[in-house]
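Novice: The structure follows.
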Amino acid sequence: MPTLHIANGRVLHPDHSVTESDVLVDQSTGTIESVADPDPDPDTDPAETLDAEGGLVIPGLINAHGHAAMALLRGYADDKPLDAWLQEDIWPAEGELTAEDIRIGTELAAVEMIRTGTTGFADMYFEEPHVAGVVEASGLRAMLGHGFVSVGKDPEDARADMEKSVNFADQYDNLGGGRISTAVMPHSLTTVNEELLCDAVERAREVDVPVHIHANETTDEVDPIVDERGVRPLEYAEEIGLLEDGDFLAHCVHVDDEEIERLADSEATAVHCPASNAKLASGIAPVQAMLDAGITVGLGTDGAASNNDLDMFDEIRDAAMLGKLGAEDAAAVPASAAVRMATEGSAAALGFDAGRVEAGATADLAVVDLDAAHLTPEHDLVSHLAYAASGQDVRHTVCDGQVLMEDQEIQTMDAEAVKERAEEQAADLVERVA
Ligand SMILES: CSC[C@H]1O[C@@H](n2cnc3c(O)ncnc32)[C@H](O)[C@@H]1O
Ligand SMILES: [Zn+2]
């Protein structure tokens with residue numbers, strides 16, 4: 001049975017204590033076998049050893065909301081609010097997207113994620129079988145879904161798109177050696193009509209997958225629901241069968257106290273996307289209030305066109321910073337809470353048995369190199385993870401026991417070729433849109 005030995009480093013434990021420990025990974029099951037004192041006399045084959053000397057072994061970071069292929073649209077349209085950005089720039093460009101664009105954009109995202117210590121992600125987009133192919137080849141873990149809207153569409157086409165989302169979720173769940181899971185993914189509570197939303201939720205229950213949706217991202221999404229229905233969006237969400245166990249809501253920026261209580265009383269989770277919310281000036285989510293209410297909160301980048309990177313270390317920092325600003329309290333969203341969102345919180349939102357370095361957990365790990373001026377001195381390593389480290393400090397990335405990056409060299413993909421191809425494909429896309 002192959003064993004991977006992550007040796008000579010320190011380990012961030014689930015209680016956020018740090019000790020000098022070795023991590024043994026059972027590669028046949030993809031799980032952590034043990035986290036133990038370093039063996040002074042290891043008889044391990046060095047070929048199966050990852051050197052973590054001077055490094056900190058942390059749970060692989062989990063990006064719980066995004067649109068991976070939008071990496072191809074990074075920098076394509078900036079400095080606009082959500083509605084104008086989508087309608088004037090993004091949706092016209094997406095109208096020209098081919099399956100090949102999406103495959104290459106997702107490959108580009110995968111390279112960036114592996115390079116920056118992300119081992120798992122959620123994806124709501126189009127051509128998801130191609131996204132699944134990239135997940136399989138890259139070695140990452142993912143929760144995938146075909147996103148659909150009904151606005152501006154012929155009702156029959158919109159229904160067919162919803163059925164496509166259900167069929168993809170049904171057929172691809174638990175593929176990729178268990179690294180792929182799926183959800184039905186209606187775009188939002190305002191871009192999918194009530195009849196289709198109800199049917200999508202019912203069909204998701206039938207095929208036994210959760211539902212992922214954008215919710216309460218901007219006031220433009222909240223006000224029409226309040227005006228037309230006389231209820232807040234999350235009450236509407238519950239009425240149509242949402243907020244069940246496994247369902248996860250992206251954003252939750254404009255949630256009032258009653259909605260926070262409703263979410264806390266449900267089994268659903270929230271995914272905070274602080275950078276995207278700031279860039280699109282959508283608002284600041286009341287994250288500390290959601291955590292205080294007992295809501296499980298994960299962390300996501302959203303697409304690279306509204307972020308503009310997929311580095312989860314940035315997201316952790318933004319969550320802590322914006323959490324303080326939003327609450328007008330420097331003690332809000334402390335470093336530890338922000339790190340937990342990107343690990344345990346996101347893992348719980350996506351149903352991954354990951355997000356912690358502990359025997360029995362899935363071996364989804366990253367090793368952060370601490371030997372850097374910006375990570376010196378070492379008063380508090382959790383503080384460093386939240387406020388000072390970046391994805392560029394990641395030395396090794398491991399998912400499901402497989403080494404995806406060793407000494408900053410991606411093992412499962414040709415990073416240079418992916419970048420070159422993405423540059424060409426993006427230029428081609430822009431020509432097609434013009
Ligand atoms: C129907 S697939 C997903 C759909 O969502 C769009 N999108 C990207 N970022 C956001 C965001 O922050 N809020 C809402 N929708 C977003 C993406 O471009 C696709 O069209
Ligand atoms: Zn999104």
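Placement of Cβ uses the backbone N, Cα and C atoms for every residue, glycine included.
These numbers come from a predicted model, not from an experiment.
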Novice: TrEMBL tags one of 41-68, 181-208, 405-432 as coiled coil - which one?
Specialist: 405-432
Novice: So TrEMBL lists H65, H67, D302 for Zn(2+); which of H214, H384 goes with them?
Specialist: H214
Novice: Name the one residue among E112, E163, E217, E328 that TrEMBL lists for the same substrate site as E94, H187, D302.
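Specialist: Checking E112, E163, E217, E328 against TrEMBL: the substrate site match is E217.
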Novice: Within the same chain, where does the coiled coil (405-432) have neighbours whose Cβ lies under 8 angstroms from its own Cβ atoms, ignoring anything closer than 6 residues to its ends? I mean 6 or more beyond.
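Specialist: For the coiled coil (405-432), the sequence-distant neighbours (Cβ-Cβ under 8 Å, at least 6 residues beyond its ends) are 50, 71-73, 76, 93, 96-97, 100-101, 104-105, 107-108, 110-111, 114-115, 137-139, 394-397.
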Novice: Here the binding-site residues are E94, E217; which one has the lowest number of other Cβ atoms no more than 10 Å from its Cβ?
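Specialist: Counting other Cβ atoms within 10 Å of each of the binding-site residues E94, E217 gives the minimum at E94.
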Novice: Over the domain 'Amidohydrolase-related' (56-403), work out the mean pLDDT and round it to an integer.
Specialist: 98
Novice: Among the binding-site residues H65, H67, H187, H214, which residue has the fewest other Cβ atoms within 10 Å of its own Cβ?
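Specialist: Lowest Cβ count within 10 Å among the binding-site residues (H65, H67, H187, H214) is H187.
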Novice: Could you tell me the C-alpha distance between E94 (substrate binding site) and H67 (Zn(2+) binding site) in angstrom, no decimals?
Specialist: 12
